[in-house]
Amino acid sequence: MSVVHGIRTLGVLGAGQMGLGIAYVSALHARVPVMLFDRSTAQIKSSLALMDKLLTKDVSKGKITSEQASVARERVSVISQEEGIKGMRDVDMVIEAVSENLPLKQTLFRTLAAEVSPEAILASNTSSISMTKIAACIVAEGQAASVEGKKSASRVVGLHFFNPVPVMKLVELISALQTSPETLARAKNFAEACGKEVTTSKDVPGFVSNALLMPFINEAIMCLEKGTATRDDIDKTLKLGMNHPMGPLQLADFIGLDTCLAIQQTLYAGTSDSKYRPSILLERMVDAGWLGKKSGKGFYEYPQ
Ligand code: 3HC
């Protein structure tokens with residue numbers, strides 16, 4: 001039996017580079033109304049400006065018509081600061097895309113579980129945090145085995161998009177232990193409606209993607225730390241020798257060094273495997289506020 005996604009309205013929590021990209025593909029390709037919320041109004045403003053820019057570029061390249069662009073733009077509305085998460089009460093799915101911080105995600109999922117319809121799917125764009133832990137937090141203590149508790153947690157699922165979301169073709173689907181087959185099928189169908197291909201990973205630290213990518217990035221940072229090669233030669237080696245679109249140091253800047261560090265800490269804490277231990281240079285750069293492209297400085301400089 002095929003299950004349709006049945007998402008008539010989507011909520012996106014967090015309007016950073018990932019949340020904005022998710023809103024963009026959902027409005028343009030899945031053609032669903034999107035309600036966007038971020039506690040920073042400045043972040044929302046800059047994200048909507050970027051969305052306008054991307055739509056204008058797609059029109060000028062002939063990828064979409066100007067009518068399709070304006071319809072997509074009109075599908076995206078912003079929830080006011082006063083309303084907050086309550087503004088998502090009628091959506092059929094929420095995709096959370098805030099920073100990689102378990103206590104923050106747990107707080108948000110508890111609020112979502114209380115405010116959003118019990119039938120709505122609660123998805124997280126986490127890149128490494130256990131979906132089982134996130135699902136467990138919305139079930140009250142002592143209620144885990146009850147029908148109500150199971151139903152509540154069964155609608156939680158991981159939908160891991162890649163940056164830049166409008167360009168990257170993949171979504172990684174992660175099932176928490178509690179996720180129901182119906183939630184998984186609907187989430188997969190929704191990601192496909194956004195124009196993505198879907199792979200499935202078990203709920204292990206970093207899933208498939210970051211369990212492979214982060215040790216690679218970390219090893220590149222350690223090469224720089226040890227003086228094995230210069231920044232430019234490390235990146236050039238991977239770009240020209242292996243045909244990667246970006247070298248690992250440039251990619252780390254692009255992802256965000258704070259995000260890379262948070263993922264590596266989750267991998268290391270979740271496995272105790274020293275191959276995942278973050279390099280000291282990465283930690284120091286994050287201490288200095290050098291977070292990569294978004295902050296204007298990382299391994300490279302980015303005039304803002
Ligand atoms: N948002 C939206 N679109 C963007 C974009 C952005 N931030 N940056 C670039 N693009 C679009 C451009 O508009 C252009 O679109 P067009 O074909 O319609 O003109 C297209 O991407 C190509 O861009 P450019 O020609 O300017 O530049 P490049 O050819 O160098 O491509 C890139 C840029 C697509 C970012 C390419 O360098 C790349 O693929 N890099 C690797 C990205 C990657 O590995 N991402 C995954 C990161 S890991 C992750 O997200 C998981 C997380 O958990 C850590």
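From the backbone N, Cα and C atoms, a Cβ is placed for every residue, glycine too.
TrEMBL: automatically predicted annotations, no manual curation.
Copied from TrEMBL, the annotated features are:
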DOMAIN    10-203  domain '3-hydroxyacyl-CoA dehydrogenase NAD binding'
BINDING   Gly14, Ala15, Gly16, Gln17, Met18, Gly19, Asp38, Glu100, Lys105, Ser127, Asn163, Lys294  NAD(+) binding site
SITE      His160  site 'Important for catalytic activity'
DOMAIN    206-302  domain '3-hydroxyacyl-CoA dehydrogenase C-terminal'
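Known features from TrEMBL, placed on the structure.
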residue: Gly14; record: NAD(+) binding site; CB count, 10 Å: 25
residue: Gly16; record: NAD(+) binding site; CB count, 10 Å: 20
residue: Met18; record: NAD(+) binding site; CB count, 10 Å: 25
residue: Asp38; record: NAD(+) binding site; CB count, 10 Å: 22
residue: Lys105; record: NAD(+) binding site; CB count, 10 Å: 21
residue: His160; record: site 'Important for catalytic activity'; CB count, 10 Å: 24
residue: Asn163; record: NAD(+) binding site; CB count, 10 Å: 17
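Filtering Gly14, Gly16, Met18, Asp38, Lys105, Asn163 by Cβ distance to ligand 1 (under 6 A) retains the following binding-site residues: Asn163. Under DSSP, the residues of the domain '3-hydroxyacyl-CoA dehydrogenase C-terminal' (206-302) split into helix, strand and coil as follows: 69 helix, 3 strand, 25 coil. When secondary structure is read from DSSP and collapsed to three states, Met18 (NAD(+) binding site) falls in the helix class. In the three-state DSSP reading, His160 (site 'Important for catalytic activity') counts as strand. Secondary structure from DSSP puts Asp38 (NAD(+) binding site) in coil. In this record, NAD(+) is bound by Gly14, Ala15, Gly16, Gln17, Met18, Gly19, Asp38, Glu100, Lys105, Ser127, Asn163, Lys294; the longest C-alpha to C-alpha distance in that set is 22 Å. The separation of His160 (site 'Important for catalytic activity') from Met18 (NAD(+) binding site), Cα to Cα, is 10 Å.
Geometry remark: His160 (site 'Important for catalytic activity') versus Lys105 (NAD(+) binding site), CA distance 14 Å.
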